[in-house]
Amino acid sequence: MNGGDEVVTAPAGPPQPLDWKFSQVFGERTAGEEVQEVDIISAIEFDKTGDHLATGDRGGRAVLFERTDTKDHDALRRDLERTDHSINRHPEFRYKTEFQSHEPEFDYLKSLEIDEKINKIRWCQTANRALFLLSTNDKTIKFWKVQEKKVKKISEMNLDPPKAVGNGRVASSSNSNSPTLCLANGGSSGNDFSFPPGGLPSLRLPVVTSQETNLVARCRRVYAHAHDYHINSISNNSDGETFISADDLRINLWNLEISNQSFNIVDVKPANMEDLTEVITSAEFHPTHCNMLAYSSSKGSIRLIDLRQSALCDSHAKLFEEPEAPGSRSFFTEIIASISDIKFAKDGRYMLSRDYMALKLWDINMDSGPVSTFQVHEYLRPKLCDLYENDSIFDKFECCLSGDGLRVATGSYSNLFRIFGCAPGSTEATTLEASKNPMRRQVQTPSRPSRSLSSITRVVRRGAETSGVDANGNSFDFTTKLLHLAWHPTENSIACAAANSLYMYYA
Amino acid sequence: MAMIDEPLYPIAVLIDELKNEDIQLRLNSIRRLSTIARALGEERTRKELIPFLSENNDDDDEVLLAMAEELGVFIPYVGGVQYANVLLPPLETLCTVEETCVREKAVESLCRIGAQMMEQDLVESFIPLVKRLAAGEWFTARVSSCGLFHIAYPSAPEALKTELRAIYSQLCQDDMPMVRRSAATNLGNFAATVEAPHLKVDIMSMFDDLTQDDQDSVRLLAVEGCAALGKLLEPQDCAAHILPVIVNFSQDKSWRVRYMVANQLYELCEAVGPEPTRSDLVPAYVRLLRDNEAEVRIAAAGKVTKFCRILNPELAIQHILPCVKELSTDSSQHVRSALASVIMGMAPVLGKDATIEQLLPIFLSLLKDEFPDVRLNIISKLDQVNQVIGIDLLSQSLLPAIVELAEDRHWRVRLAIIEYIPLLASQLGVGFFDDKLGALCMQWLKDKVYSIRDAAANNVKRLAEEFGPDWAMQHIVPQVLDMINNPHYLHRMTILHSISLLAPVMGSDITCSKLLPVVINASKDRVPNIKFNVAKVLQSLIPIVDQSVVEKKIRPCLVELSEDSDVDVRFFASQALESSNQVMMS
């Protein structure tokens, strides 16, 4: 049955709904274990090939995973055949390495504490098997290189090791003019040695033996002091040499090689801060057009800008906005319209946005409104007041698209996430729980929230059991929210973060 | 562990430290690689050291960078040019590393070695290396390969040449924009080595690919290629192939490409020759001067003089001058500032009449610009206009502009104008200066900001140099010396500083009669800082004045200061005394 689901490119009709299965979990909580704040995952990102996955957490750490099912494929094939696992291959990852990307800091000029929390991680172009990534907290972006290094064992020194180290420092730290460096037959000018023409046979080079390798992460560059407000996004350009960073009011353009200057390309800061009505919430470069980027705002609009037009792109090339339904305006309208995340589809034609209530898919050639809307939180509409009281209404849910652009996904409360088919005619809509048994929730959740959704999309539901229904429909737990998730670039595989645990699913 | 003779000890340490834990020590050893090589001898360098370096190439980037640089000059240490090819393997690996600066250095070193290699070796080892890099799995290798073709190509046999051109053409269409950028950057160098018939066919088609690239960043670099290629082609080919590209680029959708054209236009004009410049590039340039994007106008405005120089005056007046007029009231201050920094140079091009009639009003309006940089830029180039029309026409507007800048609330602006005062003085002449600017120079000596006072002291000296001691005696020295009684000790210190600067210019007599008494007097100041500065100034006066004066006046004063209650005063006084002793001895 899994094999059938793989055929998503069948020309006739919308693709079949996927059957999602649990694949892996990293950092699973044991019963009763309390989650440490610093361990909560705050960013997830697959690299372009899908062979690597990175997560960042509130403690400023970046954790890297690597795919195992493709790499060891040849070696394992025989085993697989023997154990009859043959075709059921799906992306599997293993822990690769981790490093401390950011530390808590204190800005003495502004008397501000800067959290170490990783806001975003983006992979850069791989070169020579060394991995490169950008990570950012609220203020500082860092460029990391993760590389295997040989563990060196040095033997055959000219001098005994302890002696060599002790005296070596003395000899080397003094420069060549030092008398200790003059050989007996050396030039008395002291500037250099002179040697017999055949060289000195007694000298030998150190012999280095190394079998083991060790992964080392090194911070290659730090892009700092360019943002007055909190950085919410970073995004690489397809040209391979630049990237943008966006905070609440400005977007800056950087060259990866140059860390001491950046260009401000968007500035929405009004002359008088009291006139401020709209902030930037997310920004992303177009996947193939190096001159185009999109940014979203707290008012629910997306602006597409063309870097070719002008150096300062305060005026957008295109504005994507959904006209407000008349008469529906309330105190919460603007808050729930705020876009928390935007993503381009791989082909660059479509953009996905997430606001508090829904996912919206936009065609960049159509700015009059989204081509599809997928309700995620419509059932919460009556509870907006409570959500406002406990600040949940400001939660920033991320969204993602599948590599083939046929499906979209986003997170919700109670560690749930939802997947929708966005191909024309598709009614696919799946709710999964980030746990080892992703379908469990369908059994237990009250039917009420689902029913409100079923008017728009078909809900995959298994079994008719409705036991355990809270009479008030309050079974949604606002403290367990699934904010971060990512779709594998080439396969139907999703990685999502439930607090400190990373769950992976495949279909 | 071998026993090492005592004299070999330092070199042994140097070798061992090639693999030390401490990166500084490794760097130190790598920087002295030539010493190690000579200690090992040529043969062991070839057989042991170079392979050793090839194997240990996963070091930190700083070490690799140093290694790439050292290897570039290593030919003598491996036994001369006939062994140069042993240096290629380590550099080849360095050409593939991730860090751009290491790769660039490795390419540079390879070019340097390749340029010395014998033809046979080039064919046998250098060209295969270039081909390997160009076919590299990672983009880093392919990026590096682009920079080596111009060394490899000339010595290749005919068949290989065809292959190399084909490979380069592939690189121009690589999937990775980084590779295409590198191919675009190096196209000019490579083209210079390619024979004329292939130039017109193969290279031009590569060039066409690059000029139509999707990535702005690649097209940008192709602009630079225009000039380089244009110079290689026959004029008629250039007009046929390069000119349309330039004109296209000047209307590119991307402002960055147009900016590049504006920056390069002068070189491009040189490449296509005078006739097409007049017919095609003048309209293109006029468009750039009127571009929507301020950055493009800034670049274009900055080239206005250079561009006019290659035109005849009529064309300049007819086409360029109207744009210049518009730019002088541009909404962007940076455009006006760029224009102001070059516009004075147009005067000699246009000749006296046109300058007075057309340019002068523009100068005057820029002199009244609200943005200080614009005014400063005009003033800084005053000498150029003076040669054409004389300063008289400008002087009336000049003065208010100078006075305003002199009193600007930003000290950096004041500093900038002070630095132009000697130039102004020489252009305007003594008379004008005495009347209007003299007072300003004194005023700066009392500025609130130290940098201004310091610059003012220097200015006083430069004026004295410009107009001579007699003039200075009349117009500067008395005023300066008056200020020694200023109640603020920092201002008194400025005066002491001015005196020490003026003394060498004024000569021994005036120093003894006028300056020295003031300094001696200041040694009685109640502020220790003044006193030890007196000691310093006195020390600086010793070589200027007569020996007898040192004995009679300076030394007694210093002796007194050396018994001061303040430790710093005693220190500088005794230092000054010591130096006076030395002078006497010699």
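Cβ from N, Cα, C; glycine included.
Averaged across the repeat 'HEAT' (B:10-48), pLDDT in this predicted model comes to 88. Under the heading repeat 'HEAT', TrEMBL lists B:10-48 (among others).
Distant neighbours of the repeat 'HEAT' (B:164-200): 127, 130-131, 134-135, 139, 142-147, 149-150, 152-154, 156, 206-207, 209-210, 213, 215, 217-218, 221-222, 224-225, 227-229, 232-233, 237, 241; these residues of the same chain sit at least 6 beyond its ends, with a Cβ under 8 Å from one of its Cβ atoms. The annotation repeat 'HEAT' is assigned in TrEMBL to B:164-200 (among others).
For B:203-241 (among others), the entry in TrEMBL reads repeat 'HEAT'. Sequence-distant contacts of the repeat 'HEAT' (B:203-241) (same chain, six or more residues past either end, CB-CB distance under 8 Å): 165, 168-169, 172-173, 177, 180-181, 183-185, 187-192, 194, 248-249, 252, 254, 256-257, 260-261, 264, 267-268, 270-273, 275-276.
The feature repeat 'HEAT' is assigned by TrEMBL to B:242-280 (among others).
Residues or ranges marked as repeat 'HEAT' in TrEMBL: B:281-319 (among others).
Sequence-distant neighbours of the repeat 'HEAT' (B:320-358) (same chain, 6+ residues past either end, Cβ-Cβ under 8 Å): 282, 285-286, 289-290, 294, 297-299, 301-309, 311, 313, 365-366, 369-371, 373-375, 377-378, 380-382, 384-385, 387-389, 393. Annotation comment: TrEMBL describes B:320-358 (among others) as repeat 'HEAT'.
Feature annotation from TrEMBL assigns repeat 'HEAT' to B:359-397 (among others). Note on the repeat 'HEAT' (B:359-397): residues 321, 324-325, 328-329, 333, 336-337, 339-348, 350-352, 404-405, 408, 410, 413, 416-417, 420, 423-424, 426-429, 432 of its chain, located 6 or more positions outside it, place their CB under 8 angstroms from a CB of the stretch.
The repeat 'HEAT' annotation in TrEMBL covers B:398-436 (among others).
Sequence-remote contacts of a segment are chain residues at least 6 beyond its ends whose Cβ falls under 8 Å from one of its Cβ atoms, and for the repeat 'HEAT' (B:476-514) they are 438, 441-442, 445-446, 450, 453-454, 456-458, 460-461, 463-465, 469, 521-522, 525, 527, 529-530, 533-534, 536-537, 540-541, 544-546, 549. Residues annotated as repeat 'HEAT' in TrEMBL: B:476-514 (among others).
Residues or ranges marked as repeat 'HEAT' by TrEMBL: B:515-553 (among others).
For B:554-586 (among others), the entry in TrEMBL reads repeat 'HEAT'. Each residue in the repeat 'HEAT' (B:554-586) gets a DSSP state, and the totals come to 27 helix, 0 strand, 6 coil.
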DSSP-assigned states of the repeat 'HEAT' (B:281-319) in counts, ordered helix, strand, coil: 31 helix, 0 strand, 8 coil
Contacting positions for the repeat 'HEAT' (B:10-48) when only residues 6+ beyond its ends and CB under 8 Å are counted: 4, 56, 59-60, 62-63, 66-67, 70-71, 73-74, 77-79, 83, 86
Within the repeat 'HEAT' (B:515-553), residues counted as helix, strand or coil by DSSP: 29 helix, 0 strand, 10 coil
Same-chain residues at least 6 beyond the ends of the repeat 'HEAT' (B:515-553) whose Cβ lies under 8 Å from its Cβ atoms: 477, 481, 484, 489, 492-493, 495-497, 499-500, 502-504, 506-508, 560-561, 564, 566, 568-569, 571-573, 575-576, 579-580, 583-584
